[in-house]
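Pulled from TrEMBL:
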| type | residues | note |
| --- | --- | --- |
| TRANSMEM | 28-51 | transmembrane segment |
| TRANSMEM | 81-107 | transmembrane segment |
| DOMAIN | 82-286 | domain 'ABC transmembrane type-1' |
| TRANSMEM | 128-146 | transmembrane segment |
| TRANSMEM | 152-168 | transmembrane segment |
| TRANSMEM | 216-237 | transmembrane segment |
| TRANSMEM | 268-290 | transmembrane segment |
Amino acid sequence: MTALHSQTPPDLSGRNLSFGRALANRTATIAIGLCVVIAALPLALVVWQVVSKGASAWSLEWFTAEIPRNYRTEGPGMGPAIVGTLAITGMAALLSIPVGVLGAVYLNEYGKNKPLARFIRTMSDVMTGVPSIMMGLFIYVGYVIVIDDQNGFAGALALACLMLPIVIRSTEEMLRLVPDELRQASSGLGARKWRTTMGVVLPAASSGITSGSLLAVARAAGETAPIIIVVGLFYGYRPDLFDGSNTTLAAQIFRNASQPFAASQERAWGAALTLIAIVFVFTILSRIVAARFAIDKR
């Protein structure tokens, strides 16, 4: 017994690990670090390339002047495309986000595993992987040909179709993370199911819903193919989205980047930088709003 009590406990601090275990640990750490660098490097290179080539095009006139009609014309001017991007993407968000959130509420709170709910989930997953040009063709056949006019609202419809499945699936995932104890506590206080959903479940998931909606908006803002099909390559902006063609930054990037002239190439890089800046600003603002809203609900 004395011998047992006199034994010193083993050193588990890691200093006496065998050479093989230490080498494996160091190798795994280096491998993880390399994977992080490899994953971040393409993004950093893209941002650096866009900023280095697009910053020279920025000026006050860049945000206010008209788009030059001649590809060879030097000088900035992307005001109509900036306003058109905000207007068309904003209209698409107004069309898709309320419908997507309410659809996710039905799937998670009411539909559960009903056949209709399973069908909606399957179709949402399928639509998420559908190429954007297919949505453009769908709206072109179902809307543009019917009214015989290309306009900004048709572009908003096409972008809304792209945003809808993303909003539905991301919102449903956020609603699943809300603890059932909150629902049970609300029901125990006598609240009806719809009031529990609107007053307890949705506010609890508001931060995640905002992030998912932002992801959908970010994807829609950079889409080019559906805009070219249903809106066209136009130079100006019309405040009435139902009257005539409009333009967006993505369409102008395609229009100018496809030309070999230095002036058009500079405008393409400037438009790309502007689009990245818009998405970045909305990302920061949405996260601030979501954080404040979540804190106020605690």
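Yeah, the Cβs are placed from backbone N, Cα and C, and that goes for glycine too.
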Is it the case that the transmembrane segment (216-237) and the transmembrane segment (81-107) have 3 or more CB pairs under 8 Å, with pairs at least 6 apart in sequence?
yes
Residue list, the transmembrane segment (152-168) vs rest of chain: Cβ under 8 Å, 6 or more residues beyond ends.
84, 87-89, 91-93, 95-97, 99-101, 103-104, 107, 120, 123-125, 127-128, 132, 135-136, 138-140, 143-144, 212-213, 215-217, 219-220, 223, 226-227, 229-231, 238, 241-242, 245-246, 248
At a C-beta cut-off of under 8 Å, are there same-chain residues at least 6 beyond the transmembrane segment (81-107) that contact it? List them, or none.
63, 67, 117, 120-121, 152-153, 155-161, 163-169, 171-172, 175, 197, 201-202, 209, 213, 216-217, 220-221, 227, 231, 237, 239, 241, 246-252, 271, 274-275, 278
